[in-house]
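K.L.:
Per Swiss-Prot, the feature topological domain 'Cytoplasmic' maps to 1-14, 62-73, 133-167; the stated evidence is sequence analysis. Summarising the annotation, Swiss-Prot assigns topological domain 'Extracellular' to 36-40, 95-111 and lists sequence analysis as the type of evidence. Feature annotation from Swiss-Prot assigns transmembrane segment to 15-35, 41-61, 74-94, 112-132.
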Amino acid sequence: MASAEPLTALSRWYLYAIHGYFCEVMFTAAWEFVVNFNWKFPGVTSVWALFIYGTSILIVERMYLRLRGRCPLLLRCLIYTLWTYLWEFTTGFILRQFNACPWDYSQFDFDFMGLITLEYAVPWFCGALLVEQFVIRNTLRLRFDKDAEPGEPSGALALANGHVKTD
């Protein structure tokens, strides 16, 4: 029998970092289209986003594992949103000390120090919902089989309709 193991925290951090980076690029491209009708959809971000999103989503994963049986979904998403604001402010504040903060929300009506803005509350809430329901839950289901050979799945763990066979 194969020895499939859950992904390590570093592996999950990597997946979360890539996911956050991709979403940041897509969000900025969509924002550019909605605000400026730019059909080029130029999405931008910073390499700092890899660390910021990877770490933040890994912490949200820990929150999810502790809260999932105790808190309703919408309350968890509110908690994740508050965490996101705290994390965005903290990382932005630190990066600003080195003139390296890649965002500036000063032009928004409800910004605080240009580092966070209330206008993003709904997108952050929706993002938290999607992260919990799809990204974290599916990432926690992934397994690493250290004995598997590269290539197509075969044997007892061959895929059948997207599900792992266990018989």
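Cβ from N, Cα, C; glycine included.
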K.L.:
What stretch in 41-61, 74-94, 112-132 has the biggest tally of Cβ pairs under 8 Å against the transmembrane segment (15-35)?
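P.N.:
That would be 41-61.
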K.L.:
Take the topological domain 'Extracellular' (36-40) and average the pLDDT across it for me.
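P.N.:
Mean pLDDT for the topological domain 'Extracellular' (36-40): 95.
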K.L.:
How many helix, strand and coil residues does the topological domain 'Cytoplasmic' (62-73) contain under DSSP?
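P.N.:
Tallying H, G and I as helix, E and B as strand, the rest coil: 7 helix, 0 strand, 5 coil.
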K.L.:
Any residues 6+ beyond the ends of the transmembrane segment (112-132) with a Cβ under 8 Å from its own?
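P.N.:
Same-chain contacts beyond the ends: 19, 23, 27, 57, 60, 64, 73, 76-78, 80-81, 84-85, 88-89, 92-93, 96, 101, 103-106.
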K.L.:
Quick test of the contact rule: Cβ under 8 Å, at least six residues beyond the ends. What residues does that give for the topological domain 'Cytoplasmic' (62-73)?
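P.N.:
Result: 79-80, 83, 129, 132, 136.
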K.L.:
Mind checking which residues of the chain, 6+ beyond the ends of the topological domain 'Cytoplasmic' (1-14), have their Cβ under 8 Å from one of its Cβ atoms?
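P.N.:
Same-chain contacts beyond the ends: 54-55, 58, 61, 139-140, 142-148, 155-157.
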